[in-house]
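Encoded as structure tokens, the structure appears first; notes follow it.
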Amino acid sequence: MFSTGTVWKNVAAVRQRAPIIHSITNFVVMNTTANALLAAGASPIMAHAPEEMAEMAGIASALVLNIGTLTKPWVESMMLAGMAARERRLPVVLDPVGAGASSLRTTTALEILEKVRPAVVRGNGSEILALAGAAGDTRGVDSARTAHEAVDGGRALARRYGAVVVVSGAEDVVTDGDALWLVRGGSPLMPRVTGMGCTATVLVAAHVAVAADVLEGAVTGMAAMSAAGALAARRSQGPGSFQVAFLDVLHSLDLVTVRDEVEVVRA
């Protein structure tokens, strides 16, 4: 069971160890996710030149591949980085932004799954269903499906690729193909701010880098995200002030907030 103590242990470990998270991510969220990693205590590198991918794998603690604003050169960099990480046994977290919305996105995400074998896939319900082979009803990069509607697809995807799958929603779902964990917390304000899903992805990567195992890191990363989001929402007046409050809360996240603002249960 993942207790409050487990979540807090990994929150503290990220601060103590400052894992380097190499993120090849989209233009929309570079600043947002880098600042979130810094607030959590991790160290971001936002490199994407093909020529430096192997070197980045030599210093990183985890790799994030986010397909939000794809171009062919970025796909090349993602594959080079992913293969270098796999060779070094670094955990890779895939964020299949908009999978199902275009053939480029879906094909690229599936290629990463096949060749890189990421440790974690974190997406919304529609993205996960699209990768699992079901009709995901993706609306651009937004989801038309709830996390619970994608449970079966998430389990199938996890079993097929040996990954932990995180399905974000009002209640987050985390599965390794067998066990199913629910993370309850957060705020309705979170989907009103661009980059919150991508932020969850990098926090999962930071937690996986320090956790006892991948499943634990995925669960505690999402729990930290939910706890910070819940408290930040109460301290803000709307989406604009929420962004600032979220970083402040993430930076000062403590055991009491984790205990009071998030619930992790096994389904």
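Along the chain as shown, residues are numbered 1 onward.
Every residue, even glycine, has its Cβ placed from backbone N, Cα and C.
According to Swiss-Prot, the feature substrate binding site maps to Met46, Gly195, an assignment based on sequence analysis. Every protein chain shown contributes to the tally, and the Cβ of Gly195 (substrate binding site) ends up with 21 other Cβ atoms within 10 Å.
Taken from Swiss-Prot, the feature ATP binding site applies to Arg122, Ser168. In the three-state DSSP reading, Arg122 (ATP binding site) counts as strand. Counting every protein chain shown, the number of other Cβ atoms lying within 10 Å of the Cβ of Arg122 (ATP binding site) is 32.
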- [ ] Around the Cβ of Ser168 (ATP binding site), how many other Cβ atoms lie within 10 Å? Please give the count over every shown protein chain.
- [x] 29
- [ ] Can you grab the distance from Gly195 (substrate binding site) over to Arg122 (ATP binding site)? Cα atoms, rounded to a whole Å.
- [x] 13
Open item on the list: Around the C-beta of Met46 (substrate binding site), how many further C-beta atoms are within 10 angstroms, looking at every protein chain?
Closed with: 15
